[in-house]
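S.K.: Straight out of TrEMBL:
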type     : residues                                                       : note
TRANSMEM : 21-42                                                          : transmembrane segment
TRANSMEM : 48-65                                                          : transmembrane segment
DOMAIN   : 236-414                                                        : domain 'FtsK'
BINDING  : Gly252, Thr253, Thr254, Gly255, Ser256, Gly257, Lys258, Ser259 : ATP binding site
TRANSMEM : 261-282                                                        : transmembrane segment
REGION   : 473-499                                                        : region 'Disordered'
Amino acid sequence: MRGWRHGWWVFRLLLADVLRRPLRTFVGAGLLTSGAYVWWASSRWQDQAAFSLTAVVLVVSLGVWRWRAPRSYRRTVGRWWGCWWRRRYRYGPSWQTLALRHGLYVTDRRQDPGVVRSLVLAWADTPRALRQQGQSVEVARLRRVRFTGATDHLLVALPAGITPDTVAAGCDSLAHAWRALTVRVRPAGPGWVWLDITRADTLRRPLLLGAVPTLTDATTVLAGLAGLSVGVLEDGSSWRLKLRGAHVLIAGTTGSGKSSLLWAIVAGLSTAVHAGLVRVTWLDPKGGMEATPARPLADVVDRIDDMADTLDALVAELDQRAAALAGTSRQHKPSVSSPHRVVVVDELATLTALADSKTARRVEAALGALLSRGRAVGFTVITTTVDPSKEVVRWRGLHAVRVAFRLDEPIQVDMVLGDGALQRGAACDRIPLSTPGVCFVRIDGVPDPQRARAVYVPDKTIEHLGRTYPAPALCPPPSDPAEDTAPAGVTPAQAGAPA
Ligand SMILES: Nc1ncnc2c1ncn2[C@@H]1O[C@H](COP(=O)(O)OP(=O)(O)OP(=O)(O)O)[C@@H](O)[C@H]1O
């Protein structure tokens, strides 16, 4: 039954192709017939055999290539064939109709069409019909089709008079028309946009933490802080979170997976923490419950009163560093005597709500100092919040990296990721409950939010990392070696990684 349906579908596509491009079809059919005739009319059987053998060798070579080296096959033949097929059969045939229905065209009225013609005009939906009604019509052109994984990318040339925002307004409807999960717009230079069409959710399966990187000297630590692997992006590439020279804002409703990102960061930095080149301070206003497994790896502060003192002490250290670096260097380099500082503020809303007004003011002032002056002197502040409004996150603009997990309301998307993020497809309010850890990321200077999924770090793995890589001043080595078997996701090589 399925085979029949497929056959019927292919037949319809071919028939549509023949009707749409009769000349090309005629030439193609002529070439094929001539080839077949030459083969049949070859008097010498050797010629026929050579002809057939060439065809068989070609097909078998392609098959073997695909079987033995699927990656290079996909990169060359597969990509070329996939792009051609998509352009010709999936997007090309319906492009004009969809572009007209979604307002991706401009018209200049050359003459008054009159009442009757105006009525016809309202009904007509082909550029030729519109032109016949005295209109000059310019439709957005489909220029190139590419694909990566489950996402197709269409490069579209926009006629004068249409902006990427006009295209973005029709994305929802285009997604339904193409039976896709989402359609997003990405500017590709003046007059050009990419339409990213996601047809299947590549992030639906949870990911466990993989290998933790070995960051044991200043060079590797700087590389790790420049892009710490904390998950995967929609296109299957690694999600690298910038921690050096940037502060991170993480927003999301309860249970959306904010903590998983914090754990991914702490786990990724564990070897650097053990080497004394990174020091993590974790402010946990929820009473320390959340941060308990992090205690061997971080200075956990769970009392509100202590938090203001801790932040003031960090600001004093920042001032000292700034004075020491003045005139010598413009960037801090981590060392054991001056480690890179990561300050985690887990749930800012709770902190400001629970603290009395005096403490809240102290906390806000200290956070403001760390966020505004800390980047160059080796401080990274990571703030999580369920409520991204200005009242709670006063210093939103000072976070260069923004991550939005599932949010309650669409209006919150632009609050976290910046103006226009929702229109560019960052539908955080539509992330399903069944995929915690899925988020949209915006990096300073890059307007397009990217969809990603943070790795999941089970408590056992964190405990194991805490026993294996305790921060120097905080914890002695593990007492019971029998307990210290590596859980899934942490390789024995890493468990025994150098101090
Ligand atoms: N990246 C992930 N992959 C798979 N499952 C996840 C991921 N992150 C979180 N989860 C699941 O979702 C649950 C809630 O996640 P998490 O505690 O990180 O949410 P949260 O946003 O920090 O919530 P809260 O604000 O209440 O602390 C976890 O117990 C876990 O089962």
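Placed from the backbone N, Cα and C atoms, the Cβ positions cover glycine too.
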S.K.: Which has the fewest other CB atoms in a 10 Å radius around its CB: Thr253, Thr254, Ser256, Ser259, the listed binding-site residues?
M.R.: Thr254
S.K.: Which of the listed binding-site residues (Gly252, Gly255, Gly257) has the least company, meaning the fewest other Cβ atoms within 10 Å of its Cβ?
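M.R.: Among the binding-site residues Gly252, Gly255, Gly257, the lowest count of other Cβ atoms within 10 Å belongs to Gly255.
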S.K.: Report, as numbers and ranges, every residue of the chain located at least six residues beyond the transmembrane segment (48-65) whose Cβ falls under 8 Å of a Cβ in that stretch; write 'none' if there are none.
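M.R.: For the transmembrane segment (48-65), the nonlocal Cβ contacts are 38-39, 42, 72-73, 77.
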S.K.: Suppose you look only at the domain 'FtsK' (236-414); what would the mean pLDDT be?
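M.R.: Mean per-residue confidence for the domain 'FtsK' (236-414): 88 out of 100.
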S.K.: Cβ under 6 Å from ligand 1: which of the binding-site residues Gly252, Thr253, Ser256, Lys258, Ser259 qualify?
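M.R.: The qualifying binding-site residues are Gly252, Ser256, Lys258, Ser259.
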S.K.: With an 8 Å cut-off on Cβ-Cβ distance and a minimum sequence separation of at least 6, pull the same-chain contacts of Lys258 (ATP binding site), or say none.
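M.R.: Set apart from Lys258 (ATP binding site) by at least 6 residues yet with Cβ under 8 Å, we have Ile250, Ala251, Gly252, Thr384, Phe405.
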S.K.: I want the residues beyond Gly252, Thr253, Thr254, Gly255, Ser256, Gly257, Lys258, Ser259 whose C-beta is within 8 angstroms of the mean position of the ATP site's C-beta atoms, in chain order.
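M.R.: These residues sit around the ATP site: Val386, Phe405, Arg406, Pro436.
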S.K.: Can you tell me the three-state DSSP label for Lys258 (ATP binding site)?
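M.R.: It is helical.
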